[in-house]
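I have placed the structure first, in the form of structure tokens, so that the comments after it can refer back to it.
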Amino acid sequence: MIGDLSHVLSGLQNPPLNVWMCVCVCVCVCVCELGYLLHSSTVTKVTSPFFPSTVFICSFMVAAPIFGYLGDRFNRKVILSCGIFFWSTVTLLSSFIGKEYYWLFVLSRGLVGIGESSYSAISPTIIGDLYTSNSRTMMLSVFYLAIPLGYGLGYILGSGAKDAAEDWHWALRVSPFLGVTVGALILLFVPDPKRGSADDMEGRISHSHSWLSDMKALTKNRSYVFSSLAAAAVSFATGAFGMLIPIYLFRAQVVQKEVEACTKKVCSSRDSLIFGAITCVTGLLGVVIGAGATRFFRRRTERADPLVCAISMMGSAIFICLVFVVAKNSIHGAYVCIFIGETLLFVNWALTADILMFVVIPTRRATAVAFQSFTSHLLGDAGSPYLIGTISDALQEKFASSELWKFLSLGYALMLCPFIIVVGGMFFLATALYFLDDREKAEK
């Protein structure tokens with residue numbers, strides 16, 4: 001990874017531009033990392049995260065298309081920095097909300113979602129206007145490495161601040177100061193490159209598209225539509241896993257008589273922490289493997305991006321199925337299958353964004369990124385934990401007193417995830433069919 005990155009940077013011909021591009025990517029990485037740091041440090045410190053998380057996701061979905069529209073038409077670094085200042089301020093203020101005003105804390109999560117949607121729609125498009133081809137794939141991979149790093153740092157900094165102050169509110173008072181710093185760096189050092197400058201398309205693209213014409217063009221872009229549906233499949237699985245796999249593994253240990261069934265309101269978070277650590281590591285590995293595999297296979301086929309995504313999704317489904325086979329007898333075996341399955345699932349994180357950059361014109365990319373985020377949350381993690389939880393509850397309704405049936409019913413419900421992942425892999429295969437045609441249309 002480091003060797004590839006050095007090769008990319010050394011290949012840039014303009015040294016001053018090289019410096020600015022490096023600074024821009026580094027700051028964008030900090031933005032992404034900070035966003036997930038804020039999210040994880042907040043969610044992990046709330047006793048009942050389901051409702052605040054739902055409000056966060058819903059507000060994120062609603063706000064993303066708005067920032068996508070703005071990001072295609074106005075100064076992106078100003079929008080980006082304002083969003084960071086906003087969500088940092090809201091996070092800090094929310095740390096002073098008492099238990100009697102829980103509804104206000106939930107509202108603050110919604111406001112954080114609005115601020116966070118600003119960077120998700122805009123940051124990738126800035127990188128897309130600085131790099132092309134393998135260089136862009138590598139830099140988008142560096143950018144998306146910040147997601148697992150942010151989650152990991154959120155757990156570490158949030159837990160450290162909480163333990164040091166013996167008050168979980170302090171978990172929310174550390175990261176906002178980092179946010180203000182990053183916002184200032186954006187205003188001072190990050191350029192707002194002309195849309196299409198990296199692709200040499202500045203004189204060949206129109207800047208006067210209406211929002212409706214943008215949406216009409218995107219719905220006709222088959223590669224964009226299929227890759228967005230595939231991204232929704234990934235979001236469905238990761239959303240359900242994040243909420244329910246720790247519960248499933250705990251129930252597996254109860255069945256194996258390794259732990260006692262939890263009858264308290266707040267149960268042990270050991271499995272959640274282990275699963276969180278695995279997710280951080282597999283996220284890093286997945287993004288690195290995805291970048292390297294795509295770089296390698298591009299020498300053999302121009303459809304490398306969607307094909308690598310499709311193959312990794314199919315492989316992921318196999319190992320995630322094995323989780324539910326081995327969990328009853330071996331927790332360690334289940335963790336191994338989770339590790340491999342998640343690594344393969346996260347291979348497509350950066351590649352999905354790279355596919356979008358290839359098939360969507362520069363003046364429409366922020367809108368495209370925003371609506372891809374909207375659909376992936378709407379069809380994915382906004383409802384998957386509740387759908388699978390409802391199926392599990394329905395299955396165990398008649399046998400609620402049986403710990404074995406509680407474990408099995410949740411496992412049967414979670415088997416929906418590998419099925420959805422396979423469907424996502426098929427969407428990536430469909431993307432591969434139309435990828436070259438849509439890329440050619442975007443280039444023209």
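Placed from the backbone N, Cα and C atoms, the Cβ positions cover glycine too.
Quick look at what TrEMBL annotates:
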type	residues	note
DOMAIN	1-441	domain 'Major facilitator superfamily (MFS) profile'
TRANSMEM	17-38	transmembrane segment
TRANSMEM	50-71	transmembrane segment
TRANSMEM	78-97	transmembrane segment
TRANSMEM	139-158	transmembrane segment
TRANSMEM	170-190	transmembrane segment
TRANSMEM	224-249	transmembrane segment
TRANSMEM	273-294	transmembrane segment
TRANSMEM	306-327	transmembrane segment
TRANSMEM	333-361	transmembrane segment
TRANSMEM	408-436	transmembrane segment
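Across 50-71, 170-190, 273-294, 333-361, 408-436, stretch 408-436 shows the highest tally of CB pairs under 8 A with the transmembrane segment (224-249). Using a Cβ-Cβ cut-off under 8 Å and counting only residues 6 or more beyond its ends in the same chain, the transmembrane segment (408-436) has close neighbours at 222-223, 226-227, 229-234, 236-237, 240-241, 244-245, 247-248, 251, 302-303, 305-307, 309-311, 313-314, 316-318, 320-321, 324, 327, 345, 348, 355, 358-359, 384, 387-389, 391-393, 395-396, 399. When averaged over the domain 'Major facilitator superfamily (MFS) profile' (1-441), pLDDT in the model lands at 77.
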